[in-house]
Each structure stands twice: as C-alpha cells, then as structure tokens.
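Have a look at the structure below, then the notes.
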Amino acid sequence: MSGLFHHRTKPREIRAFVMATRLTKKQLAQAIQNTLPNPPRRKRRAKRRAAQVPKPTQAGVSMAPIAQGTMVKLRPPMLRSSMDVTILSHCELSTELAVTVTIVVTSELVMPFTVGTWLRGVAQNWSKYAWVAIRYTYLPSCPTTTSGAIHMGFQYDMADTLPVSVNQLSNLKGYVTGPVWEGQSGLCFVNNTKCPDTSRAITIALDTNEVSEKRYPFKTATDYATAVGVNANIGNILVPARLVTAMEGGSSKTAVNTGRLYASYTIRLIEPIAAALNL
C-alpha cells in the first residue's frame, strides 16, 4: 500500500482513491505520510545520535592545587656606564628558607658582599656603592598543605637589636607576611617581566630615601662585624639597612623546606679599584 502514493501525489487524487477503495486508518495514515517530502537523511541521523548520547554531568566541588611551584628564568646581568659610575642590574638567589614549630628569626645585611653570592665578586672591584633599588621576593616550593608563615621587614638603624617575636617584627618598615605556600604572583619581580597582579606577592623593597648615606664603602661581613664590635653606631655608615626574616608556625620540629628568597637589584658602583687593594 505504501507504494501507491508518493510525495508528488495531489490531495484530490488521494481522496478519489479513498472513495474508491476502503482503507484502514493505518493504511490511510501511511498513504498520507508518503505524500510528504522526506527530511534530509543527514538530519535524521543527527537526531538519532543526539537521542543516544547521554548528557554530561558537572561536579560542584572545586579543589585547590596541592602542589605549588614557579618557573624561575633569571635574565643575564645588565651592565652600563653613566659618567664615572657603573650601573649594574641583576637578580640572584639570596637564601633557602625552612619552617619549624618554633619561630626562627634571621637577618641579612643589605650590602653587596651578603646579597647573594655573585655580586660580591663584581662589587669588590669598586671602592663604593649606592643602591638604586633592591627588592627581596619570596617564592614558594612547597605544597599548599604545608603549615607556617613567613614575615619580613627592614631595620634602618644598624644599632638596633633584632626582633624576637612576630609582634616586634610587624612594626618594622615595609613589613610583609603570608603563608609559606603563597607568593607565586611575585615571580614577575624575579624574572623581570610585566606584573599583572602582585596582590598575593610576598615581597619587600628597600626605601632608599630612608638610608643615612648617599654612598657606602665596600666591606665584607667580617669587616662589618669587627667595626660594630667596637661601636654599634659605626654600622650605619657601612650598611644602609638590615633585612629581618622570621619563619614560624610549622607542624614539625624538624625544619621543612618551604621556598627561596630572591634579591633583584640595581646598584651604582663607584670608583674602580683593584680587588686586592679594596680593604
């Protein structure tokens, strides 16, 4: 029966045939269906596939990453001269940091001999120096499950004693703190790239307006210790500031490595001299 009609059959022809032939309801419906244009085969297949593919489900839980890490790519040092002054810009690793249950306070003299290890070999060929800028940035290398916090601040009076608590350290100029697993957004300061957002960076910069001298003599850590052993106030004419760092709040009595502290700086090197004569 389905072959009696096709889609070009006119409705009045169907009515004439129905009048002459007694059809069942099913046969009549099939005959009418055969007169309708068939939908494209491609669309029919698409509908069947859509009906067979189950709808994806979405979970409503978002987990924070457990592992933390940053890709450090230090650029080569940049050296240039202006008049009688040599200007050097670079970034280098300052120190490795770890955390324990108890608070551990350390300090670093902000002078070429103690900032990293590379600068001292260069700066000893000049008699004096002056910081144009220097910034310390903490980058974590521990999981987000690591307990503890880092605290940093500057002391500009070298005759002052070191703080022994977070409360005392928090009063230092430029004080900054954060959990030991935080600070990735400070990577731009280390890699010397554009900083889109540093709101979560753990970083601190020396205020060069606070230093007591316009320029300082190049001295070793031993030279400094000898001088302040005679008079603590002498330190103010040898070193512009001291960086104080405290690590506390860990979950273990054994030190757990948390990250690294980098120093990025621009320094003016003044009056060249043979290193052997620079005493």
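Each residue's number is its place along the chain shown, starting with 1.
Just so you know, glycine gets a Cβ as well, placed from its N, Cα and C.
Since this is a predicted model, take the numbers as computed values, not measurements.
Annotated in Swiss-Prot:
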MOD_RES   A20  N-acetylalanine
REGION    20-83  region 'R domain, interaction with RNA'
REGION    31-59  region 'Disordered'
COMPBIAS  40-50  compositional bias 'Basic residues'
DISULFID  C188-C195  disulfide bond
REGION    270-279  region 'P domain, projecting'
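C195 (disulfide bond) counts 14 other C-beta atoms within 10 Å of its own C-beta, drawing on all protein chains shown. Residue environment of C188 (disulfide bond) contains 16 other Cβ atoms, counted within 10 Å of its Cβ in all protein chains.
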